[in-house]
Amino acid sequence: MAERGGAGGGPGGSGGGSSQRGSGVAQSPQQQPQQQPPQPQQPTPPKLAQATSSSSSTSAAAASSSSSSTSTSMAVAVASGSAPPGGPGPGRTPAPVQMNLYATWEVDRSSSSCVPRLFSLTLKKLVMLKEMDKDLNSVVIAVKLQGSKRILRSNEIILPASGLVETELQLTFSLQYPHFLKRDANKLQIMLQRRKRYKNRTILGYKTLAVGLINMAEVMQHPNEGALVLGLHSNVKDVSVPVAEIKIYSLSSQPIDHEGIKSKLSDRSPDIDNYSEEEEESFSSEQEGSDDPLHGQDLFYEDEDLRKVKKTRRKLTSTSAITRQPNIKQKFVALLKRFKVSDEVGFGLEHVSREQIREVEEDLDELYDSLEMYNPSDSGPEMEETESILSTPKPKLKPFFEGMSQSSSQTEIGSLNSKGSLGKDTTSPMELAALEKVKSTWIKNQDDSLTETDTLEITDQDMFGDVSTSLVVPEKVKTPMKSSKADLQGSASPSKVEGTHTPRQKRSTPLKERQLSKPLSERTNSSDSERSPDLGHSTQIPRKVVYDQLNQILVSDAALPENVILVNTTDWQGQYVAELLQDQRKPVVCTCSTVEVQAVLSALLTRIQRYCNCNSSMPRPVKVAAVGSQSYLSSILRFFVKSLASKTPDWLGYMRFLIIPLGSHPVAKYLGSVDSRYSSTFLDSAWRDLFSRSEPPVSEPLDVVGRVMQYVNGATTTHQLPVAEAMLTCRHKFPDEDSYQKFIPFIGVVKVGLVEDSPSTAGDGDDSPVVSLTVPSTSPPSSSGLSRDATATPPSSPSMSSALAIVGSPNSPYGDVIGLQVDYWLGHPGERRREGDKRDASSKNTLKSVFRSVQVSRLPHAGEAQLSGTMAMTVVTKEKNKKVPTIFLSKKPREKEVDSKSQVIEGISRLICSAKQQQTMLRVSIDGVEWSDIKFFQLAAQWPTHVKHFPVGLFSGSKTT
């Protein structure tokens, strides 16, 4: 609650009112009906909480809360008949203090054993057995769950001046509270409190005088409707001597019927059923601090009218249509009853009006939409870890051009709109010619499993917003493979972009790099999928062939597969390996997009969950082989970290990932330094030469399947790679929108480069990763000077290889460097920078200069199996003159040294990198996936959840942790 309740004290009280946070309502004496005789109070309904009583004075109660303002609670209390100060007069019987209080406390949804229940308590009498405090003229009765911060207090109860007193009460507490089924944490505390005082002045806060405990588990099993005496003790340890007693009239704990409540009250948002227990009490931010709940109720009914007006406009089905099958059955039964024709009426429909028929047709349309959204399969799209695309969209103007950029808030809406426009002919003649060539290749392959989704894959590319007249498609048609249809999508999918190369490249550049490049017009006018590579995949649907391959592997709930091989088939290398494995009937799943990777891993996690439910023994780790580039492994890592964050830590041992590199792969290179058998299998020259070609070989030069299965069968040891965190602050395309943040896990290398405005060329080296992010240069590339020097002095971290080559771009307006400010903190006081830097490791260190490149690695040193808790950074700077700045390491200049110098800083626990000029946007590559329009980013050496390591399988004889 955002405001303090304005409740006043009873007659003769302090008059200060309740100072606790909450909301209350008080009725004036003129509006109250005649007082009824005392009787047990029923629990107040959650929505229309109302209490009536009669008296010359009333006051409101407040629900105290010390939690955050995001949780909602409401307390309604009416007090009457408070005894006057000084006790009752002669011959008069004091009227009982009457109050009705209601509150809703939040439920811990992370625990499956926590359920909401409604607790009702009626207090009849307060007996003070001992004098607890001098000058005690008023007390407050409060209830609180043990271990919780929420407190529900009554108004001040005025006590007579005499010491030992009996006060008649008629207090009713109705609490919706979280009940834990599997632990002893259901103790309700009934406390006797008074206002705190300082030098005879009342101050904020309450002092607890006595406490009594009620076991809610016993109340749930044995409700009490008779007289019950609860002793209150000033010392919890000494329960033999009570200082006060409270007589309880009724005591009960009842379950909450959410279905009955929701059948009477309409939902107010499309996704209200996601959290059905608490959403019924939610108000908008403007009304959360209101002291008048009736005002909130009026707004609720106004919102009901608005929903009726907008019924025809809102066609998005709520998430309950996906997750709750009983609702669909109820709708269907209700519709069948409406269509049932009685014998008296006959078969004539003349009495049915057109309006009724139109209303039934609308209901049928909504039902069909619900049935289409609901997918009962165990490995279907409902298990995907995608962002919510069914939330209420912000009103925005539709872009004039279909392929132009949208903000991330509009990407969700556009993804739904694109589904309805799959049949539109929006392709240009050049695109049609390219698509015809691709389609002819598919027909030649005679692949029946792919013919059903030809149209879907073409339109999926349109949904990425990256189709243009310069799309490089015909080059890939040279190589007809089984899954060659995915190449069309591979040239546009941003999660598979492994470099920043453009079509104007050297002939020595591998075909894979040229095919995965994007034209300049696309990079400058692309959609949000370029800025956020995983946003564009929310519109995709996994192909039918993916589910067919999964069904062949996941055959039974009683047994788990020993291994699953995931292959990235967006390029010829993956298609080549997949075809060889499929010929020998290996458990292969061909994936072409991030959403398909998520679908496969979701199905695997679901099957592991079913196995655990059916078996008492722990499952053995399932080997998941990832055949592809570093960016492909990054998509698997992101889903792994996100999915297992909501599961218990023992799930971290249920899967073991096997990395099979196709092309340059920094993580695989580190694994080869730890495991010599792994290095000889996947890092030898024969393997590299095979997959660095521009086209697949005519004959098989080496036993690819034998090497893969040798690794799959022999990887019996788990090596834990630490998972680091990258927080990216991205700029929206629209200037009036605020920036947003993305949290990306990574295990390899993060590289920083300048946003290019012109085409650039890329050198090709065997040791440099394909994903090397380049900085524009005003000089032509030099293969003999700069790159060699950048990695020679001082020796860089072996895990970073030699990917510090500076690539030139003569037309770049920024020159060959970028001004950056890098703030970093060292992890341990004992770790210092190389070359003997003596600065304090616990303080912030800053590098502020012009950089040619910045690269941060989370991988340990080559050959070191011992994991470190820090990162290593390699920077290449440009020297303005012969004088070395004080912030850099001092060294003697070489004779043939160019105007750059390399520096390695180790032991970094946290790092923040930003451009010197605010208008300069950065481009960041994280484990091979490129992210653009970055204002600044922050790196942390450890991922914040319990998923802190990525389990990788190695051969048994390797040096593992």
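Just so it is clear, glycine is given a Cβ too, placed from its N, Cα and C backbone atoms.
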* Of the residues THR44, THR93, THR479, give the one that Swiss-Prot describes as phosphothreonine. => THR44
* **Candidate annotated as phosphoserine in Swiss-Prot, where the set is SER28, SER269, SER779, SER797** => SER28
* **Residue from TYR249, TYR632, TYR824 to which Swiss-Prot assigns phosphotyrosine** => TYR249
* Which of the listed positions, SER14, SER529, does Swiss-Prot note as phosphoserine? -> SER529
* Can you count the other CB atoms that lie within 10 A of the CB of TYR249 (phosphotyrosine)? -> 22
* **TYR249 (phosphotyrosine) in three-state DSSP notation** => strand
